[in-house]
Each structure stands twice: as structure tokens, then as C-alpha cells.
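**Q** A single structure is presented below for examination.
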Amino acid sequence: MSTLHHRLTITDLAALKGRQKIAALTAYSTPIARLIDPLVDFILVGDSTAMVAYGRPSTLAMRLDETISHTRAVVDCTRHACVIADMPFGSYQASPEQAFRNCAQVLSETGCDAVKLESNRALAPTVAFLVERGIPVMAHVGLMPQFVHVMGGYKAQGLTEASAETIVEDARANLAAGAFSLLLEGVAEPLARRISQQSQQPCIGIGASPACDGQILVTEDLLGLGGPQQPRFVKQYADLTAVIGEACARYASEVRQGEFPELAHCYGS
């Protein structure tokens, strides 16, 4: 973990490649962001907000105004971690100009440090357009949830020669376009290892390889708040579902039995 003297930048993240693994998590709200801020190198305000915070069926339902609201909340309560906003589906695919307009709005209204785009070769020119105009971009390749209907579901990528070649070409195109980092999701381990070793920019894995330059998980998943069915790549470090359930059950029981509040919890008593 890096020092707490300043908010980390994309330059700081790049400098960690080959020196120290990058630890990253998601956050959508002040309580979680404040807790993880001193512990991680960057926080992703993911489009997974749509599912985790709002209970929607997929990330496709995330809206731009929600991205701005949640990212601003995370930026306002953190001081250390680099904050990256995940651009929602439909906010950047139509044209480079649309992408710049929406990404610029996110950066200017939230104070975040960079944006993340799910980007294949076809969108690499958009990445270049953004970088040339001052917007740092992390490119997400491999399993891209915003492409779920095209990909036929949430399936691991790079398991066949053709799929692996597609991912390699997507990665190369985005790095050549100026992406400061790659996020490799659901990519076959040998392929993710090779891309990470060959890339001069940090490669962050989620369901990819321990050889990646860093790792990211959805915070609620590692805390046991993500529901009973989790992807293979999730490691649960705590079971807060049980802890929270027990605490709330005790509260409800004490209220119904007249045990809470006690006079110690009241004013003027």
C-alpha cells in the first residue's frame, strides 16, 4: 500500500508495475468508500452499482446521472485512492464526440481521476480521441458485461484460439490508443498472464491471473453481501450477511419486547 500523503494518480499506478501489486475495490457509497480508501490503490465506481445498489438485473441499466452521483460521493469522502468512474452502457459507444461529452461531464462534475470503458478494437479510436483531449482511460477487455448479449452470456473468454486472438488484438489496440491500463475480466489464465507480461501498462485482473499487475473485486462480494451465487473468481473474506442479519434481528426483537431504547439512549432522562 502506498503512502497517504496525496491522492494517487494514474502515474502512481503505472509506477507500481513490476514493483508492487495494485489492490483495487469497488465503492458506490460514502461508508464503504471511506473504509477502503486507505487500504487500496484505486477505487472503481463500477456500473455494477446498477445491480449491487439498485437490484437491477444487469449493468446495462446503469444511467449516466447515477454514475455522476455515486462517483461524486466517493470522491468527496476519500483522500488517498485514485478514483475511476465506469462509463455506463450507451454513454460512449455512439461516437467519439458523444464519449468526450459524457466523459468530460463525469470528470468535471465529480472530480474523479479517470474513466473506464469496455473497449474492443472498434472502440479504440474513441479511446485515442479521449486521451488526446485530456481524459485518462482504463480499457476493459475480455469478458465485457456491457456486451453480454453479443457474447451470449457471462462466459470466460480466451479459451479458444480465435477468442484469445481477439482479446490480444483488443488489448493491443487500446494500449496503442493511449489507455493507461487494461482491466482483464474473465480471461483464460495463460492468456491474461501473457498479456500482463507483455504490456508496459498495468493490467488489472478480475477472474484472470495472479500474474496480473493488480486485482479488483466487487467489495460487496468479498464481504459476503453479493448473494448466494457468485462467480468462480470471487473469494469471500467475510460473511456480513450473517452479521447484519443477526444484528437487525436482535434490534427488532428488543424493540418488540420493549428492551430498546433504554433510558441511556434518551435525552433529558
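From the backbone N, Cα and C atoms, a Cβ is placed for every residue, glycine too.
These figures come from a predicted structure and were not determined experimentally.
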**Q** Of Asp12, Asp86, Asp170, which does Swiss-Prot put in the 3-methyl-2-oxobutanoate site with Asp47, Ser48, Lys116?
**A** Asp86
**Q** For the 3-methyl-2-oxobutanoate site given as Asp47, Ser48, Asp86, Lys116, which other residues of the same chain have their Cβ within 8 Å of the site's Cβ centre?
**A** Thr26, Leu44, Val45, Gly46, Thr49, Thr59, Met62, Ala85, Met87, Pro88
**Q** Which residues in the same chain, at least 6 apart in sequence, have a Cβ under 8 Å from the Cβ of Asp86 (Mg(2+) binding site)?
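**A** When sequence neighbours closer than 6 are ignored, Asp86 (Mg(2+) binding site) has Leu44, Val45, Gly46, Asp47, Ser48, Met62, Thr67, Val115, Lys116 within Cβ distance under 8 Å.
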**Q** Looking only at DSSP and grouping its letters into three states, which state does Glu118 (Mg(2+) binding site) belong to?
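**A** DSSP assigns Glu118 (Mg(2+) binding site) to strand.
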**Q** Over all pairs within Asp47, Ser48, Asp86, Lys116, the annotated 3-methyl-2-oxobutanoate binders, what is the largest Cα to Cα distance, rounded to whole Å?
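**A** Value for the max Cα separation, rounded to a whole number: 13 Å.
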**Q** Give me the Cα-Cα distance between Glu118 (Mg(2+) binding site) and Glu185 (active site, proton acceptor), rounded to a whole Å.
**A** 10
**Q** Among the recorded positions listed here, Asp47, Ser48, Lys116, Glu118, Glu185, which has the most company in the form of other Cβ atoms within 10 Å of its Cβ?
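**A** Within the set of recorded positions, the most crowded position is Asp47.
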